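Positions annotated as ATP binding site by TrEMBL: S235, G236, G237, V238, D239, S240, T241. Look at TrEMBL and you will find 207-408 tagged as domain 'GMPS ATP-PPase'.
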Amino acid sequence: MDAEAVKSNLVLILDYGSQYTHLITRRIRSLSVFSLCISGTSSIQSIADLKPSVIVLSGGPHSVHSPLAPSFPDEFIEYVQSNGVYVLGICYGLQLLVQKLGGEVRVGEKQEYGRMEIEVLKGGSGLFDKGVDNRQVVWMSHGDEAVRLPDGFEVVARSQQGAVAAVENPARRFYGLQYHPEVTHSPKGMETLRYFLFDVCGITAGWKMEDVLEEEVKVIRGLLGPEDHVICALSGGVDSTVAATLVHKAIGDRLHCVFVDNGLLRYKERERVMETFEKDLHLPVTCVDATEQFLSKLKGVIDPERKRKIIGKEFICIFDAFAQDLELKLGNRPAYLVQGTLYPDVIESCPPPGSGRTHSHTIKSHHNVGGLPKDMKLKLIEPLKLLFKDEVRELGRILSVPVGFLKRHPFPGPGLAVRVLGDVTEGNALDILREVDEIFIQSIKNAGIYDSIWQAFAVFLPIRSVGVQGDQRTHSHVVALRAVTSQDGMTADWYNFDHKFLDDVARKICNSVRGVNRVVQDITSKPPSTI
């Protein structure tokens, strides 16, 4: 399917702040249908410019009765009706649709949270196929409920408590689910989405990574003139490496990669990464040692957001200087900077409708997104910014990036600065963390479980504890081990290690790393924690 056909089948998600919104995007993409997520309060022009075939109104934490309740623009109903766009409201999205079309939403007599059985009252409708099970277990998360439907709507499913679970008005192409079909706790949810998109809306599956590659190469070549040169910030991670390989495919030797040793890298990271770039990827890479520059600016800084901002600014200073050096050599100053920004980075760096800001809550200022200075001279090329991690790995496979490299665990752009909780320059925190992290990761690899884990790393905690080592009392540092499983990094669960494995790793760390006498494990999921 060509790029235009993919765009004509776009399913657009309007985000109203649900923790599950990104999952809707992921589930729809898993059906080989292109899907994008934008703020639920976007202008009608922003929506119309994307020309969606289907619009999904996401869930969210607000009540439609709240004065801060986010909503679609006033012209939305007229736009979707006149353009034949199908609309599916999920949870808050259903309630918003009902209220705006003249129905009534009230605080429910019985709130519904978690697993709940529903009864399908009408199969063969816009939401449920004829042969569908008339009883399904779904995931509910709502306090309000629709008590009076707008004209032309009918209830096609109810919860076991009698609340409205699904509504539709096929004549006007409006549909609503009070539950979350996108989560795994709704076992039949994907069937419902599949039937709705393909059988009701007439969407055609055809979005694949080969098309993404072809389209991105075309976009990059169209953006750059024949004499334009580009800088790529390589971190040694999967994202920036795939981005560099893609851009190199598009413009060849006009790409100039720079790898910055900011003093915040893992154990022997610089040597290992440079060897991979030269031997396996054949990318033109310049290594810049900026350890002193970064650490001097981070001295005394404890707040992780300030660390991110400082690091983002210093990176740009280095890239600007690198561009100046290239200008002297080439007679042509590079105007663009390539970064491996991913879709979760964009989502997490933006704020939630109804928060007084403009999109879902800022979880972090990503160094590629919120951490960049406003006055940077280089313009950005971000070829992966609409992709999730597993999609980037698939793109890397198509580009022949070595599989071993693609399987590397993610490493944050600010590096160990956000894994040392406190001042990174205090004592020998960085050296201790590097040694601990190396023992942990190598132990995971030796146990044959590295590929089963999304991300694993050690954290240096800003506390000391009393211990006994060599028959002597010690007052030494505490380190934490963190390992999680995930599909896209937006949600995650902690990895359940075998107790013997943890025992062995803790002993190795305390016996090998001077200055550590206690090892703890982080067993929190995301949410409530970040990874």
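The backbone N, Cα and C atoms fix where each Cβ goes, glycine too.
Curation plays no part in TrEMBL annotations; they are all automatic predictions.
Features recorded in TrEMBL, as mapped to the structure shown.
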residue	record	Cβ neighbours (10 Å)
S235	ATP binding site	23
G236	ATP binding site	22
G237	ATP binding site	18
V238	ATP binding site	23
D239	ATP binding site	23
S240	ATP binding site	22
T241	ATP binding site	29
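What surrounds the ATP site, by Cβ distance within 8 Å of the Cβ centroid and not counting S235, G236, G237, V238, D239, S240, T241, is the set L234, V242, A243, G340, R408, F411 from the same chain. If you average pLDDT over the domain 'GMPS ATP-PPase' (207-408) in this model, you get 84.
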